[in-house]
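A.B. asks: Below you will find the structure I want to go over with you.
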Amino acid sequence: MASPRLETFCCPNRDAATEFVVTFQPVLFGALTLGSAALSLILAVLQILPKRKGYRRLGQYPLPRPASSSRILFIISICDILGCAGIIVRSSVWLGLPSIIDSISVTNSTDVLPEVFCVGSAMWIQLFFSASFWWTFFYAVDVFLVVKTSAGISTIVLYHMITWGLAVLLCVEGVAMLYYPSISDCEQGLQHAIPHYITTYAPLLLVLVANPVFFSRTLSAVTSLLKGRQGIYTENERRLANEIKIRFFKIMLVFFICWVPNIINESLLFYLEMQSDINDSGFRNVRNAALITWFIMGILNPMQAFLNTLAFHGWTGCDVDLSLQRRRELAWDSMSTSVPNAAGHNPIVGSAVLYQSHVQESQKKKIGNGQHHSDAISVLSEGSESSTVEIHISSELQDYEDVDADGESLGNSVRH
């Protein structure tokens, strides 16, 4: 799980609330987090692996896919998987070598390896889950910019700089303030630990607050786009808008389920920290609620890796395709169709081809904004095969029919 309490636990002179939750049934808690993280990692990797029956191609027409938002979804999955890997390593070591936990609790111990492992594993988990939060936020920003403006692949570099920069900066700054003046002798006091908790939960709260706003404004813009495509709002457009709305809802639902328990648990533990004696019988219900949410966190936090892939793409199946043969065939098909025909020269065909090229260029200039809107809607409906196919294939086929009709009329005029 990803909780700043586990980093606070690395201090031998930790606070009473952290000591209470972390040392309660550590074997059971470690087994639950290990099982949840392992299951989530396996299923998430299975989800993102290429499949033999993908939805990216229909017949001979490739479906164009906006690069920036698609890459962001993939990066979020990778961050979640790496976070789960850190949880698996930490839980495995704590279960297999319980003496490490006992060594962490020894003040002024000469063995620094347990503390180094504790801090390193906690920072690894916090870094990648924090990066996942930032990427989730910039996904909402990106889909909004794609619909409203022409933001595309060039913005991904800026996202990388901001996301990884903020994740590393906040992680290092929070840990440095927490372990001051040293890991073996952390400064005590709630005021000293607050900056660390703020740097941990700031990106999480940002997603909870800002993403629904961006998604809502994006849905409004998408509705306007769909109505403006042909001047009417048909059943297909209404269905597509509803699918995009459901997709945004699933993304936020997964985030709420996986991370709201952290906020509840942290609030309860802060309340206990402010009490002079957390073992007082009057705080029994608060202690029980803190323990319940603690174990819920241990199960749900790692499951974000798998649940996010379900929200992004749906269930992609188990028919994994790891061979390169199909990719080579697709590449050869695209190359062969681009080779010009060198057999003989027909002036009528040549004139028609030249005219078709002119028509295509004119259409590219005239539908530039339309293609941008189509790409914008495609990125939002990713994972919905029917919606994406209807948008792109119908528009492509209509373009081809228009060009063929223009070419045929030109050929007839040349014959006469």
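Placed from the backbone N, Cα and C atoms, the Cβ positions cover glycine too.
Bear in mind that TrEMBL entries carry predicted annotations, made automatically and left uncurated.
Copying in the features that TrEMBL gives for the protein in this structure:
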type     : residues : note
DOMAIN   : 26-316   : domain 'G-protein coupled receptors family 2 profile 2'
TRANSMEM : 27-49    : transmembrane segment
TRANSMEM : 70-89    : transmembrane segment
TRANSMEM : 123-145  : transmembrane segment
TRANSMEM : 157-180  : transmembrane segment
TRANSMEM : 200-226  : transmembrane segment
TRANSMEM : 247-272  : transmembrane segment
TRANSMEM : 292-318  : transmembrane segment
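For each listed feature, how buried is it and what is near it?
C.D. replies: Long-range contacts of the transmembrane segment (27-49) within the same chain: residues 1, 74, 77, 80-81, 84-85, 87-88, 91-92, 94-95, 98, 294-295, 298-310, 313, 315-316, 318, 320-322, each at least 6 residues beyond the stretch ends and with a Cβ under 8 Å from a Cβ of the stretch.
Residues 1-2, 4, 6-7, 68-69, 72-73, 75-76, 79-80, 82-83, 86-87, 90, 151, 155, 159, 162-164, 166-168, 170-171, 175, 200, 203-204, 206-207, 210-211, 214-215, 217-218, 221, 251, 255, 301, 304, 376, 379-380 of the same chain lie 6 or more positions beyond the ends of the transmembrane segment (123-145) yet place their CB under 8 Å from a CB of it.
For the transmembrane segment (157-180), the list of distant contacts is 4, 7-8, 10-11, 68, 72, 119, 123, 126-127, 130-131, 134-135, 138, 142, 186-187, 192-193, 195-200, 202-203: same-chain residues at least six beyond its ends, Cβ to Cβ under 8 Å.
Listed by sequence, the residues of this chain that lie at least six past the ends of the transmembrane segment (200-226) yet keep a Cβ under 8 A from its Cβ atoms are 4, 126, 130, 133-134, 136-137, 140-141, 143-144, 147-148, 166-167, 170, 174, 233, 237, 240-241, 244-245, 248, 251-252, 255-256, 259-260, 262-263, 266, 373, 376-377, 380.
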